[in-house]
Amino acid sequence: MSRHEKKSKHHKRSRSQERSTKKKHHRKHSSSPSSSSSESEHDDKFQSVLDKQRQEKKRLKRLEKEKLKEKETPEEKRARRLAKKLRKEEKKKKENNSYLPPQLAYTNLNNPFNDVNLTETFVWEKKLEVEGKSSYSRKKIEKETRARVERNLREMEELKRTRDARLAAREDMEMMQRDADRKAHAEWTSKEAEFQLQQAKVRSKIRIEQNRAKPIDLLSRYIQFGEEDQDEKDADKDEFELEDPLKYLKGLSQDDYEDLVEDIKVYRSLEKDRHSEFWRDVRCVVDDELRKLRDDRGRLGTSIHGSVQQDVDKIFKGKSVDELCQLERTIVNKVNAGGSGTDISYWEGLLMHLKVYIAKTRLKELHQKMLKLKLARIREEQMREVGKFDLEGRTTVKKRSSSDNEEEDIEKKLRRKIDLDELEAVELDDEQKEMRWKHLTPEQLETATLQLYERGGYSPIYGDLNNAMPGIEILDEDADMKDLLEKRKQHRKVPTGVTKLEAEMLAMARKGMGGDESTFSVEQPLEAQTHLWSDKYRPRKPTYLNRVQTGFDWNKYNQTHYDMDNPPPKIVQGYKFNIFYPDLLDPSQTPSFTVTPCDDPDFAVIKFKAGPPYEDIAFKCVNREWELWFVFKRYRYRR
């Protein structure tokens, strides 16, 4: 006999026992006295009265409901019927309620599992038998299933909240870590900005040395000259001529002005607040020049007529920066007020012109300060030179706080007695001697000449022209000095070091430059050279524009492993050297070159020599066999 059959027999036996106990109890009551029968009759009467009252109440309620139906409007009737329909649907839904909670909006027809019986409770009878729940009613089973699903959903929500909290905590930790890293690397960021600024200055210096300076390079060199924290200047840094920065901003093309605007943005971002006023004024002038070019190209005119422009310039001329700023505030207030008879376009154009004029005036004042600063440094250098003549050994000169004290100190130093032996030292060249003689006062000059006269070396002995060495050109002193002054004047006019003749030679050398060629200007340092003609003509490097030709070597190996879409690495295929010697003292002497090996066997040094007044110049090139025009011989790959 199975377990289920034993349970059913046990239930039948218990039910029969209950029936027998009820019959016995009934017998006991039936055998009770007449009082019990009277009580039962009383209860029956009370129950009948209650039933009548209930029926009467239902009848009255039904009558009241019918009266309300008769009095209601069609809209109220439709609303009542709709509410009744909703109540029926809700009741039916509760009767057929599934075990799914309301959070899951799934139905039998709309669910991702394609289950048409999804809302019905699944009864696993075998599992219920094992768990001892086979006697549970379906209602109880559905209740337990619903509770289990809701419990699982609560766990899912809890897990989701925990995951979100964990992600939020992780983001907070990452943000805190980023803040800590940002604080730790703040010094690195500042060092990076300083490094970028130094690199920009180095690039500018290289372009200036290679005679291809841009306006931003000259402006950067100009403003660096006035830095207060600058160290002692060496001879190379002080050689350039201090020009008005406005000269660097004139005569440029529209592309040059646009490039200059971008370069100014880079310098302002790197230098932060340092020299911000200078770069702002330069930017104002550049924008004005750029606007003029665009207006001329578009045939547009300014709001100020040309006949009025001169009168406006006369008003601005001679005023200080403070006075011009006060005038600017007055014009701004007038434009903002905007009266009935005010020509707004005229005053706005005048205000724009005034801002440019203020920027130019401020730049001119800065230039005057720069000139005074350079003059002070020259005087300081002169004091160092004069300090060497001090017999008491005091060779240092302190910087004075005012120009009066500085002039006083110079006069005191120069009035002291000098040593003629140091003035005419053998190890000094003529330029150094001349510089020292120029620094002497009239009293010192008189004393020195008298001493030279006493020594018998005041007047040199003139030589005969017939006794001069052959091949030596005799120059007239006045003509030579005039020529020297003219050359110095031309050198000052071109701050970048490129003369008109050199520019024409460079333009000639650049002709026919292909896409596979690039400039080659890396010089090889040579040993110090001494020239016999250095006392008359200062030696200098020749002007050159070299090219290096690169390309692909399509040998068998490269043809096998590369194609045009993935080409092989480029190699140097040749050089072309354009070196200009326009001022040779001996034009009959042909320039020559020599090739010497260096430490690296793959490279060699080619050295060009032409004679005075040009120094020798050398370049480092690839050491390979040559073809005509310095094109490297190509190697062929063979197996």
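Residue numbers in this text run from 1 along the chain shown.
Here the Cβ of each residue, glycine as well, is placed from N, Cα and C on the backbone.
Residues or ranges marked as compositional bias 'Basic residues' by TrEMBL: 1-14 (among others).
TrEMBL lists 1-111 with the feature region 'Disordered'.
Per TrEMBL, compositional bias 'Basic residues' is recorded for 21-30 (among others).
Helix first, then strand, then coil: DSSP counts for the compositional bias 'Basic and acidic residues' (39-54) stand at 16 helix, 0 strand, 0 coil. Here TrEMBL flags 39-54 (among others) as compositional bias 'Basic and acidic residues'.
The compositional bias 'Basic and acidic residues' annotation in TrEMBL covers 63-78 (among others).
Annotation source TrEMBL lists compositional bias 'Basic and acidic residues' at 87-96 (among others).
Sequence annotations record features per position, and here TrEMBL assigns compositional bias 'Polar residues' to 97-111.
Feature annotation from TrEMBL assigns domain 'Splicing factor cactin central' to 178-367.
In this model, the domain 'Splicing factor Cactin C-terminal' (533-627) carries an average pLDDT of 85. Feature annotation from TrEMBL assigns domain 'Splicing factor Cactin C-terminal' to 533-627.
Under DSSP, the residues of the compositional bias 'Basic and acidic residues' (63-78) split into helix, strand and coil as follows: 14 helix, 0 strand, 2 coil. In the domain 'Splicing factor Cactin C-terminal' (533-627), helix, strand and coil residues by DSSP number 9 helix, 38 strand, 48 coil.
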